[in-house]
C-alpha cells in the first residue's frame with residue numbers, strides 16, 4: 001500500500017535540531033496544543049488537521065494507525081508485513097450515533113449514543129409516518145419483538161458475532177484460510193495472552209510483595225520504639241539524687257524525644273530479609289551501621305526519599321495501564337473476529353456452499 005498524495009515520505013526526526021523541541025506528526029512540528037491522536041503502531045502522535053480528519057470525529061477513534069504504519073513503513077509488525085507474514089493494519093472507528101449531527105459513539109448493543117437520542121430518532125420516524133397503516137406496521141414490529149431492547153436490534157445479524165461452526169471440509173478450508181491464518185488476529189491474541197498471563201500478574205505480584213515487606217517494616221518500627229521506650233524508662237529510673245531519692249522526670253521528657261524511623265529501603269524487598277526479632281537485635285548491637293540485612297538503616301536518607309510511595313504509584317500505574325490495554329485488546333479481538341466472520345460468510349456465498 002502506498003502513502004496518500006498529501007502525506008510526505010517518512011522521517012525519523014524526533015527533535016528539532018535548532019530548538020531542541022520534540023517534534024511529531026507527518027509535519028514534524030512541536031506540540032502546540034492542537035488536537036492530536038496517538039498511533040497504535042508506532043506510538044507517534046499526529047495532528048487531526050494534517051491527516052485531513054474532521055475534529056468532530058475525535059470521539060469515534062477506536063484504534064488508529066498512521067499512514068506510515070498502514071503502508072507497512074513503520075509499526076511493530078513491519079518486518080512480518082515485509083516478509084508477507086502479516087497484513088497491513090487499518091484504523092478502526094466506533095459506530096457513530098444515528099442522529100445525523102451527533103458525533104458521539106454508540107452505546108454497547110445500541111445504535112445511539114444515549115437513550116435521549118434513541119427516543120429522538122424514533123419520534124422523528126414516527127412523525128414522518130403519514131398514514132394509520134404505516135403506524136400499524138411499526139406497532140406490529142414492536143409487539144413481535146416484545147421488548148424495547150429487542151426492537152432496537154431489529155434486523156441485526158447476531159450470527160456475525162458468534163463463533164463459526166464448520167460443518168464440511170470446504171468450509172474448514174475457507175475458515176483456516178481466512179480466520180485461523182490471520183496474522184492480525186493472532187498478534188492481538190498473543191498480546192492479550194502476554195498481558196493476562198505475564199505482565200499483569202507480574203506487577204500485581206510486585207505490589208503484593210511490597211505490601212508484605214511494608215508490613216514487616218511496620219513491625220520492625222514497632223519493636224524499635226518499644227526498645228527505645230524501655231531504654232528511656234530505665235535511664236530515668238536510674239537517676240537518683242545524692243539523698244537516694246529519685247529525681248522527678250522532666251515534664252514530657254519521653255514525649256519530647258523525636259520519634260524517627262529508619263529509611264527501610266531494601267533493593268530485594270521481594271523477600272523478607274530476616275525475622276523482626278533478628279533485625280532489631282542486630283540493629284541494636286550496631287546502630288552506627290547504614291545497612292543491615294540489605295535494609296537501609298539511615299535515620300535521614302535523601303537517596304531513598306519517598307521510595308515507598310514512588311514504588312506503589314509506579315506499580316499501580318502499570319496495573320491500571322495494563323488493565324486498560326487488556327480491555328482494549330479484547331475489543332480489538334472482538335472487532336477483528338467480526339470482520340473475519342463477514343469475510344468467511346461472503347466467501348461461502350461466493351462459492352455457493
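Using N, Cα and C of the backbone, Cβ positions are placed for all residues, glycine too.
In summary, of the candidate residues 11, 87, 285, 309, the record from Swiss-Prot lists phosphoserine for 87, whereas the others have no such entry there.
Range 83-124 is the one annotated as region 'Non coventional C3H-type zinc finger', of 41-82, 83-124 (source: Swiss-Prot).
Of all the binding-site residues in the list 39, 50, 69, 97, the shortest Cα-Cα distance to residue 87 (phosphoserine) is found for 69.
All protein chains included, residue 102 (Zn(2+) 3 binding site) registers 17 other Cβ atoms within 10 Å of its own Cβ. Nonlocal intrachain contacts for the region 'Non coventional C3H-type zinc finger' (83-124), taken as residues 6+ away from its ends with a CB within less than 8 angstroms of a stretch CB, comprise 1, 40-41, 56-57, 59-65, 69-72, 75, 77, 149, 152-153, 182-184, 187, 332, 335. All protein chains considered, the CB of residue 113 (Zn(2+) 3 binding site) has 21 other CB atoms within 10 Å. Looking just at the region 'Non coventional C3H-type zinc finger' (83-124), the mean pLDDT is 84.
For the recorded site, residue 102 (Zn(2+) 3 binding site), the DSSP three-state label reads coil.
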